[in-house]
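Student: Below is the structure I would like to discuss, written out as C-alpha coordinates.
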(Lines of atoms letter the chains of each structure in order from A and count residues from 1; the text may use other names and numbers.)
(Lines give C-alpha, C1' and ligand atoms only; values in the text may rest on other atoms or scores of the structure.)
Protein backbone atom coordinates (compact mmCIF):
# COMPACT_ATOMS: atom_id res chain seq x y z
CA UNK A 1 0.00 0.00 0.00
CA UNK A 2 1.34 3.41 -0.93
CA UNK A 3 -0.37 6.61 0.18
CA UNK A 4 -0.34 9.73 -1.93
CA UNK A 5 2.06 12.40 -0.74
CA UNK A 6 0.36 15.19 -2.65
CA UNK A 7 -2.85 15.65 -4.60
CA UNK A 8 -3.78 18.17 -7.25
CA UNK A 9 -7.34 19.29 -6.68
CA UNK A 10 -9.77 21.62 -8.41
CA UNK A 11 -12.93 22.83 -6.76
CA UNK A 12 -14.35 25.32 -9.26
CA UNK A 13 -15.00 25.78 -12.95
CA UNK A 14 -12.34 28.48 -13.28
CA UNK A 15 -9.69 26.02 -12.05
CA UNK A 16 -8.11 28.47 -9.60
CA UNK A 17 -4.87 27.33 -7.98
CA UNK A 18 -4.90 26.75 -4.24
CA UNK A 19 -3.48 24.46 -1.57
CA UNK A 20 -5.68 22.47 0.77
CA UNK A 21 -4.69 19.88 3.42
CA UNK A 22 -1.23 19.50 1.99
CA UNK A 23 -2.51 19.10 -1.57
CA UNK A 24 -1.49 21.25 -4.53
CA UNK A 25 -4.00 22.77 -6.95
CA UNK A 26 -3.13 23.67 -10.52
CA UNK A 27 -4.40 23.69 -14.09
CA UNK A 28 -4.25 20.30 -15.70
CA UNK A 29 -6.07 17.95 -18.07
CA UNK A 30 -6.21 14.33 -19.02
CA UNK A 31 -3.06 12.92 -20.40
CA UNK A 32 -2.30 9.82 -22.37
CA UNK A 33 -0.29 7.10 -20.65
CA UNK A 34 2.44 7.28 -23.26
CA UNK A 35 2.92 10.96 -22.48
CA UNK A 36 4.61 10.17 -19.21
CA UNK A 37 8.06 8.72 -18.69
CA UNK A 38 8.27 5.20 -17.38
CA UNK A 39 10.50 6.27 -14.53
CA UNK A 40 9.81 8.41 -11.49
CA UNK A 41 8.72 12.01 -12.05
CA UNK A 42 9.30 14.56 -9.39
CA UNK A 43 6.36 16.46 -7.96
CA UNK A 44 7.41 19.71 -9.59
CA UNK A 45 7.77 18.03 -12.98
CA UNK A 46 4.40 16.38 -12.53
CA UNK A 47 2.70 19.69 -11.79
CA UNK A 48 4.43 21.30 -14.74
CA UNK A 49 3.28 18.57 -17.10
CA UNK A 50 -0.27 18.66 -15.85
CA UNK A 51 -0.37 22.45 -16.18
CA UNK A 52 0.72 22.28 -19.82
CA UNK A 53 -2.31 20.20 -20.77
CA UNK A 54 -5.91 21.22 -21.28
CA UNK A 55 -9.00 19.33 -20.13
CA UNK A 56 -12.34 18.69 -21.78
CA UNK A 57 -13.84 16.91 -18.79
CA UNK A 58 -16.92 18.38 -17.16
CA UNK A 59 -16.52 19.36 -13.51
CA UNK A 60 -17.23 16.43 -11.22
CA UNK A 61 -16.92 13.98 -14.09
CA UNK A 62 -13.24 13.20 -13.58
CA UNK A 63 -10.57 12.66 -10.97
CA UNK A 64 -7.93 15.42 -10.98
CA UNK A 65 -4.33 14.54 -11.83
CA UNK A 66 -2.07 13.84 -8.88
CA UNK A 67 1.47 12.91 -7.85
CA UNK A 68 1.53 10.07 -5.34
CA UNK A 69 5.22 10.29 -4.47
CA UNK A 70 6.29 7.77 -7.07
CA UNK A 71 4.30 8.35 -10.26
CA UNK A 72 2.38 11.15 -11.91
CA UNK A 73 -1.24 10.28 -12.67
CA UNK A 74 -3.24 12.18 -15.32
CA UNK A 75 -6.78 13.48 -15.09
CA UNK A 76 -9.00 10.42 -15.40
CA UNK A 77 -12.65 10.11 -16.37
CA UNK A 78 -14.99 9.07 -13.56
CA UNK A 79 -15.62 5.35 -13.39
CA UNK A 80 -12.40 4.48 -15.23
CA UNK A 81 -8.87 3.42 -14.31
CA UNK A 82 -5.55 5.14 -15.05
CA UNK A 83 -2.48 3.05 -15.85
CA UNK A 84 1.21 3.99 -15.58
CA UNK A 85 4.35 1.95 -15.99
CA UNK A 86 5.86 0.78 -12.72
CA UNK A 87 8.85 2.74 -11.34
CA UNK A 88 12.17 1.14 -12.19
CA UNK A 89 14.12 2.00 -9.03
CA UNK A 90 12.31 -0.29 -6.61
CA UNK A 91 13.90 -3.72 -6.17
CA UNK A 92 11.50 -6.37 -7.42
CA UNK A 93 9.43 -4.01 -9.58
CA UNK A 94 9.31 -4.66 -13.30
CA UNK A 95 9.17 -1.46 -15.37
CA UNK A 96 7.39 -3.38 -18.12
CA UNK A 97 4.38 -3.88 -15.84
CA UNK A 98 1.70 -1.35 -15.00
CA UNK A 99 0.42 0.16 -11.78
CA UNK A 100 -3.14 1.48 -11.75
CA UNK A 101 -5.26 4.01 -9.94
CA UNK A 102 -9.06 3.83 -9.88
CA UNK A 103 -11.32 6.84 -10.30
CA UNK A 104 -14.77 6.42 -8.74
CA UNK A 105 -18.07 7.38 -10.34
CA UNK A 106 -18.22 10.37 -7.98
CA UNK A 107 -15.03 11.84 -9.47
CA UNK A 108 -12.87 10.91 -6.45
CA UNK A 109 -9.79 8.71 -6.41
CA UNK A 110 -10.17 5.36 -4.69
CA UNK A 111 -9.41 5.47 -0.96
CA UNK A 112 -7.99 2.52 0.89
CA UNK A 113 -10.52 1.25 3.49
CA UNK A 114 -7.88 0.88 6.21
CA UNK A 115 -6.25 4.31 5.93
CA UNK A 116 -9.02 6.28 4.21
CA UNK A 117 -6.31 7.84 2.02
CA UNK A 118 -6.11 7.88 -1.75
CA UNK A 119 -4.24 4.81 -2.88
CA UNK A 120 -2.34 3.72 -5.98
CA UNK A 121 -2.16 0.00 -6.64
CA UNK A 122 1.44 -1.13 -7.18
CA UNK A 123 0.84 -4.79 -6.33
CA UNK A 124 0.93 -5.80 -9.98
CA UNK A 125 4.44 -4.35 -10.28
CA UNK A 126 5.94 -7.07 -8.14
CA UNK A 127 7.29 -10.18 -9.79
CA UNK A 128 7.49 -12.49 -6.79
CA UNK A 129 9.94 -14.91 -8.38
CA UNK A 130 12.20 -12.13 -9.60
CA UNK A 131 12.02 -10.43 -6.20
CA UNK A 132 13.16 -13.61 -4.44
CA UNK A 133 16.02 -14.06 -6.91
CA UNK A 134 17.23 -10.47 -6.49
CA UNK A 135 16.92 -10.80 -2.74
CA UNK A 136 19.11 -13.93 -2.81
CA UNK A 137 21.69 -12.11 -4.97
CA UNK A 138 21.74 -9.20 -2.52
CA UNK A 139 22.28 -11.65 0.34
CA UNK A 140 25.28 -13.07 -1.52
CA UNK A 141 26.71 -9.57 -1.88
CA UNK A 142 26.14 -8.75 1.79
CA UNK A 143 27.56 -12.08 3.01
CA UNK A 144 30.54 -11.92 0.68
CA UNK A 145 31.47 -8.35 1.54
CA UNK A 146 31.06 -9.07 5.26
CA UNK A 147 33.31 -12.14 5.18
CA UNK A 148 35.85 -10.35 2.99
CA UNK A 149 35.88 -7.35 5.33
CA UNK A 150 36.59 -9.55 8.36
CA UNK A 151 39.39 -11.35 6.49
CA UNK A 152 40.94 -8.08 5.29
CA UNK A 153 40.84 -6.50 8.76
CA UNK A 154 42.41 -9.64 10.26
CA UNK A 155 45.16 -9.50 7.64
CA UNK A 156 45.84 -5.85 8.40
CA UNK A 157 46.03 -6.65 12.11
CA UNK A 158 48.52 -9.48 11.49
CA UNK A 159 50.77 -7.47 9.18
CA UNK A 160 50.63 -4.48 11.49
CA UNK A 161 51.41 -6.51 14.60
CA UNK A 162 54.53 -8.30 13.37
CA UNK A 163 57.13 -5.58 12.89
CA UNK A 164 59.59 -8.11 11.48
CA UNK A 165 57.38 -8.42 8.39
CA UNK A 166 57.77 -4.77 7.47
CA UNK A 167 59.29 -4.34 4.01
CA UNK A 168 58.42 -2.71 0.70
CA UNK A 169 56.37 -5.65 -0.50
CA UNK A 170 54.35 -5.86 2.72
CA UNK A 171 53.74 -2.09 2.56
CA UNK A 172 52.13 -2.57 -0.84
CA UNK A 173 50.06 -5.47 0.52
CA UNK A 174 48.78 -3.30 3.37
CA UNK A 175 47.74 -0.50 1.01
CA UNK A 176 45.90 -3.04 -1.12
CA UNK A 177 44.16 -4.37 2.00
CA UNK A 178 43.15 -0.86 3.07
CA UNK A 179 41.58 -0.18 -0.32
CA UNK A 180 39.60 -3.44 -0.12
CA UNK A 181 38.53 -2.76 3.47
CA UNK A 182 37.20 0.67 2.53
CA UNK A 183 35.50 -0.65 -0.61
CA UNK A 184 33.82 -3.55 1.20
CA UNK A 185 32.62 -1.29 4.02
CA UNK A 186 31.05 1.16 1.58
CA UNK A 187 29.36 -1.62 -0.40
CA UNK A 188 27.83 -2.94 2.83
CA UNK A 189 26.60 0.57 3.61
CA UNK A 190 25.11 0.77 0.12
CA UNK A 191 23.29 -2.56 0.32
CA UNK A 192 22.11 -2.23 3.92
CA UNK A 193 21.18 1.47 4.04
CA UNK A 194 20.70 2.93 0.57
CA UNK A 195 19.14 0.11 -1.44
CA UNK A 196 16.25 -0.69 0.96
CA UNK A 197 15.31 2.99 1.40
CA UNK A 198 13.04 3.98 -1.49
CA UNK A 199 12.51 7.45 -0.03
CA UNK A 200 16.26 8.08 0.03
CA UNK A 201 16.56 6.98 -3.60
CA UNK A 202 13.69 9.25 -4.51
CA UNK A 203 15.10 12.29 -2.69
CA UNK A 204 18.54 11.69 -4.25
CA UNK A 205 20.40 13.81 -1.66
CA UNK A 206 23.98 15.01 -2.27
CA UNK A 207 25.24 12.69 0.49
CA UNK A 208 23.89 9.68 -1.37
CA UNK A 209 25.54 10.74 -4.63
CA UNK A 210 28.76 11.40 -2.73
CA UNK A 211 28.62 7.85 -1.36
CA UNK A 212 28.32 6.54 -4.91
CA UNK A 213 31.40 8.52 -5.97
CA UNK A 214 33.53 7.55 -2.97
CA UNK A 215 32.49 3.90 -3.30
CA UNK A 216 33.58 3.74 -6.92
CA UNK A 217 36.80 5.56 -6.09
CA UNK A 218 37.83 2.78 -3.71
CA UNK A 219 36.66 0.22 -6.26
CA UNK A 220 39.16 1.72 -8.71
CA UNK A 221 41.90 1.69 -6.07
CA UNK A 222 41.54 -2.10 -5.80
CA UNK A 223 42.69 -2.43 -9.39
CA UNK A 224 45.28 0.33 -9.27
CA UNK A 225 46.93 -1.35 -6.28
CA UNK A 226 46.89 -4.72 -8.01
CA UNK A 227 48.71 -2.99 -10.86
CA UNK A 228 51.20 -1.62 -8.31
CA UNK A 229 51.75 -5.16 -7.00
CA UNK A 230 52.47 -6.45 -10.49
CA UNK A 231 54.71 -3.52 -11.40
CA UNK A 232 56.70 -3.89 -8.17
CA UNK A 233 57.36 -7.58 -8.76
CA UNK A 234 58.30 -6.86 -12.36
CA UNK A 235 60.73 -4.13 -11.32
CA UNK A 236 62.35 -6.19 -8.55
CA UNK A 237 62.94 -9.18 -10.81
CA UNK A 238 63.89 -7.36 -14.01
CA UNK A 239 65.77 -4.26 -12.84
CA UNK A 240 69.30 -4.89 -11.58
CA UNK A 241 69.52 -1.89 -9.25
CA UNK A 242 66.49 -0.08 -7.89
CA UNK A 243 65.78 2.00 -4.81
CA UNK A 244 62.80 0.24 -3.25
CA UNK A 245 62.00 3.20 -0.99
CA UNK A 246 61.65 5.56 -3.93
CA UNK A 247 59.73 2.96 -5.90
CA UNK A 248 57.24 2.44 -3.07
CA UNK A 249 56.71 6.21 -2.74
CA UNK A 250 55.90 6.49 -6.46
CA UNK A 251 53.60 3.48 -6.29
CA UNK A 252 51.72 4.91 -3.28
CA UNK A 253 51.20 8.15 -5.19
CA UNK A 254 49.94 6.25 -8.24
CA UNK A 255 47.81 3.74 -6.30
CA UNK A 256 45.77 6.45 -4.59
CA UNK A 257 46.19 9.31 -7.07
CA UNK A 258 45.33 7.75 -10.44
CA UNK A 259 41.84 6.59 -9.32
CA UNK A 260 41.20 10.07 -7.87
CA UNK A 261 41.75 11.65 -11.30
CA UNK A 262 39.48 9.09 -12.99
CA UNK A 263 36.68 9.47 -10.45
CA UNK A 264 36.88 13.26 -10.67
CA UNK A 265 36.38 13.11 -14.45
CA UNK A 266 33.52 10.63 -13.97
CA UNK A 267 31.76 12.74 -11.33
CA UNK A 268 32.03 15.96 -13.35
CA UNK A 269 30.91 14.30 -16.58
CA UNK A 270 27.91 12.54 -15.07
CA UNK A 271 26.91 15.42 -12.82
CA UNK A 272 27.14 18.12 -15.48
CA UNK A 273 26.33 16.29 -18.72
CA UNK A 274 24.12 13.47 -17.48
CA UNK A 275 20.42 13.18 -18.27
CA UNK A 276 17.70 13.04 -15.62
CA UNK A 277 17.86 9.24 -15.71
CA UNK A 278 21.66 9.37 -15.22
CA UNK A 279 21.55 11.64 -12.17
CA UNK A 280 18.53 10.30 -10.29
CA UNK A 281 18.28 7.56 -7.65
CA UNK A 282 21.76 8.18 -6.22
CA UNK A 283 23.27 7.49 -9.66
CA UNK A 284 22.47 3.79 -9.33
CA UNK A 285 21.04 3.48 -12.86
CA UNK A 286 23.46 2.17 -15.51
CA UNK A 287 24.75 4.93 -17.78
CA UNK A 288 27.21 5.42 -20.62
CA UNK A 289 29.40 7.33 -18.16
CA UNK A 290 30.21 3.98 -16.52
CA UNK A 291 32.69 3.44 -19.36
CA UNK A 292 34.86 6.13 -17.76
CA UNK A 293 35.34 3.66 -14.90
CA UNK A 294 35.45 0.44 -16.90
CA UNK A 295 38.14 1.56 -19.37
CA UNK A 296 40.82 2.35 -16.71
CA UNK A 297 40.12 -0.96 -14.98
CA UNK A 298 40.61 -2.83 -18.25
CA UNK A 299 43.83 -0.89 -18.86
CA UNK A 300 45.10 -1.76 -15.37
CA UNK A 301 44.33 -5.43 -16.00
CA UNK A 302 45.98 -5.42 -19.42
CA UNK A 303 49.16 -3.79 -18.11
CA UNK A 304 49.29 -6.21 -15.22
CA UNK A 305 49.02 -9.15 -17.56
CA UNK A 306 51.91 -7.76 -19.62
CA UNK A 307 54.02 -7.39 -16.47
CA UNK A 308 53.18 -10.88 -15.29
CA UNK A 309 53.91 -12.45 -18.68
CA UNK A 310 57.32 -10.81 -18.70
CA UNK A 311 57.89 -11.93 -15.09
CA UNK A 312 57.14 -15.52 -16.15
CA UNK A 313 59.72 -15.20 -18.92
CA UNK A 314 62.38 -13.78 -16.58
CA UNK A 315 61.70 -16.36 -13.86
CA UNK A 316 61.94 -19.24 -16.31
CA UNK A 317 65.21 -17.88 -17.68
CA UNK A 318 66.69 -17.57 -14.19
CA UNK A 319 65.46 -20.98 -13.08
CA UNK A 320 66.97 -22.57 -16.19
CA UNK A 321 70.27 -20.78 -15.66
CA UNK A 322 73.35 -22.78 -14.49
CA UNK A 323 73.39 -23.65 -10.79
CA UNK A 324 76.42 -21.42 -10.25
CA UNK A 325 74.44 -18.38 -11.42
CA UNK A 326 71.15 -19.15 -9.66
CA UNK A 327 72.64 -18.47 -6.24
CA UNK A 328 73.57 -14.92 -7.16
CA UNK A 329 70.78 -13.85 -9.46
CA UNK A 330 67.90 -16.27 -8.86
CA UNK A 331 64.59 -14.97 -7.49
CA UNK A 332 63.96 -15.46 -3.78
CA UNK A 333 61.32 -17.82 -2.47
CA UNK A 334 59.18 -15.03 -1.05
CA UNK A 335 59.24 -13.09 -4.32
CA UNK A 336 58.18 -16.20 -6.22
CA UNK A 337 55.38 -16.76 -3.73
CA UNK A 338 54.15 -13.19 -4.16
CA UNK A 339 54.36 -13.62 -7.92
CA UNK A 340 52.20 -16.76 -7.82
CA UNK A 341 49.61 -14.98 -5.66
CA UNK A 342 49.50 -12.00 -8.02
CA UNK A 343 49.30 -14.28 -11.05
CA UNK A 344 46.21 -15.97 -9.57
CA UNK A 345 44.52 -12.78 -8.38
CA UNK A 346 44.83 -10.62 -11.50
CA UNK A 347 42.39 -12.59 -13.68
CA UNK A 348 40.17 -13.26 -10.67
CA UNK A 349 39.79 -9.59 -9.74
CA UNK A 350 38.84 -8.60 -13.27
CA UNK A 351 36.53 -11.50 -13.99
CA UNK A 352 33.30 -9.52 -13.64
CA UNK A 353 34.53 -7.03 -16.26
CA UNK A 354 35.59 -9.83 -18.58
CA UNK A 355 32.06 -11.25 -18.33
CA UNK A 356 30.30 -7.94 -19.14
CA UNK A 357 30.12 -8.57 -22.93
CA UNK A 358 28.48 -11.94 -22.19
CA UNK A 359 25.78 -10.55 -19.89
CA UNK A 360 22.42 -12.17 -20.77
CA UNK A 361 19.52 -9.98 -21.76
CA UNK A 362 16.83 -9.32 -19.11
CA UNK A 363 14.52 -12.27 -18.84
CA UNK A 364 17.04 -14.72 -20.29
CA UNK A 365 17.22 -18.13 -18.61
CA UNK A 366 20.91 -17.53 -17.77
CA UNK A 367 20.35 -14.09 -16.26
CA UNK A 368 20.07 -15.34 -12.68
CA UNK A 369 23.13 -17.59 -13.08
CA UNK A 370 25.13 -14.63 -14.37
CA UNK A 371 24.00 -12.44 -11.46
CA UNK A 372 24.95 -15.11 -8.90
CA UNK A 373 28.41 -15.64 -10.43
CA UNK A 374 29.01 -11.88 -10.56
CA UNK A 375 27.91 -11.52 -6.94
CA UNK A 376 30.30 -14.25 -5.77
CA UNK A 377 33.24 -12.93 -7.79
CA UNK A 378 32.79 -9.31 -6.75
CA UNK A 379 31.99 -9.79 -3.06
CA UNK A 380 34.57 -12.47 -2.20
CA UNK A 381 37.52 -10.73 -3.85
CA UNK A 382 38.68 -9.34 -0.52
CA UNK A 383 38.74 -12.82 1.00
CA UNK A 384 40.84 -14.09 -1.92
CA UNK A 385 43.30 -11.20 -1.59
CA UNK A 386 43.68 -11.79 2.16
CA UNK A 387 44.11 -15.52 1.64
CA UNK A 388 46.79 -15.37 -1.06
CA UNK A 389 48.74 -12.39 0.26
CA UNK A 390 48.48 -13.06 4.01
CA UNK A 391 46.99 -16.33 5.22
CA UNK A 392 48.99 -18.45 2.71
CA UNK A 393 52.11 -16.32 3.03
CA UNK A 394 54.97 -18.48 4.37
CA UNK A 395 56.54 -15.52 6.21
CA UNK A 396 53.28 -14.75 7.98
CA UNK A 397 52.71 -18.41 8.85
CA UNK A 398 56.25 -18.67 10.28
CA UNK A 399 55.79 -15.55 12.42
CA UNK A 400 52.42 -16.74 13.74
CA UNK A 401 53.87 -20.17 14.62
CA UNK A 402 56.86 -18.56 16.34
CA UNK A 403 54.57 -16.28 18.35
CA UNK A 404 52.33 -19.18 19.28
CA UNK A 405 55.25 -21.28 20.51
CA UNK A 406 56.58 -18.35 22.50
CA UNK A 407 53.21 -17.81 24.18
CA UNK A 408 52.82 -21.52 24.97
CA UNK A 409 56.32 -21.99 26.44
CA UNK A 410 56.27 -18.70 28.33
CA UNK A 411 53.22 -19.86 30.28
CA UNK A 412 54.89 -23.08 31.46
CA UNK A 413 56.56 -23.06 34.95
CA UNK A 414 60.35 -23.32 34.74
CA UNK A 415 62.02 -26.28 36.55
CA UNK A 416 65.46 -26.15 38.19
CA UNK A 417 67.98 -27.88 35.96
CA UNK A 418 71.68 -28.13 35.36
CA UNK A 419 73.77 -29.16 32.41
CA UNK A 420 76.80 -31.40 32.65
CA UNK A 421 79.46 -30.40 30.17
CA UNK A 422 82.17 -32.72 28.98
CA UNK A 423 85.33 -31.24 27.47
CA UNK A 424 87.77 -33.34 25.53
CA UNK A 425 91.25 -32.47 24.36
CA UNK A 426 94.17 -34.31 22.82
CA UNK A 427 97.70 -33.79 23.89
CA UNK A 428 100.17 -33.11 21.21
CA UNK A 429 102.30 -36.09 20.38
CA UNK A 430 100.12 -38.49 22.32
CA UNK A 431 97.44 -40.75 21.06
CA UNK A 432 95.57 -40.74 24.32
CA UNK A 433 92.64 -38.44 25.05
CA UNK A 434 91.89 -36.89 28.41
CA UNK A 435 88.43 -35.91 29.55
CA UNK A 436 87.45 -33.37 32.13
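Any Cβ shown, glycine's included, is placed from N, Cα and C.
Below are the features I grabbed from TrEMBL:
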type	residues	note
COMPBIAS	1-21	compositional bias 'Low complexity'
DOMAIN	45-129	domain 'G-protein coupled receptors family 2 profile 1'
DOMAIN	137-393	domain 'G-protein coupled receptors family 2 profile 2'
REGION	1-27	region 'Disordered'
TRANSMEM	139-162	transmembrane segment
TRANSMEM	174-193	transmembrane segment
TRANSMEM	223-243	transmembrane segment
TRANSMEM	250-273	transmembrane segment
TRANSMEM	293-317	transmembrane segment
TRANSMEM	338-356	transmembrane segment
TRANSMEM	376-397	transmembrane segment
Student: Report, as numbers and ranges, which residues of the same chain sit near the transmembrane segment (174-193): CB under 8 Å and 6 or more residues beyond its ends.
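Tutor: Those are 138, 141-142, 145-146, 148-149, 152-153, 155-156, 159-160, 200, 211-212, 214-215, 218-219, 221-222, 224-226, 228-229, 252, 255-256, 379, 381-382, 385-386, 389-390, in sequence order.
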Student: I'm checking region-level scores; what's the whole-number mean pLDDT for the domain 'G-protein coupled receptors family 2 profile 2' (137-393)?
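Tutor: 83, rounded to a whole number.
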Student: When DSSP states are grouped into helix, strand and coil, how many residues of the domain 'G-protein coupled receptors family 2 profile 1' (45-129) land in each?
Tutor: 12 helix, 28 strand, 45 coil
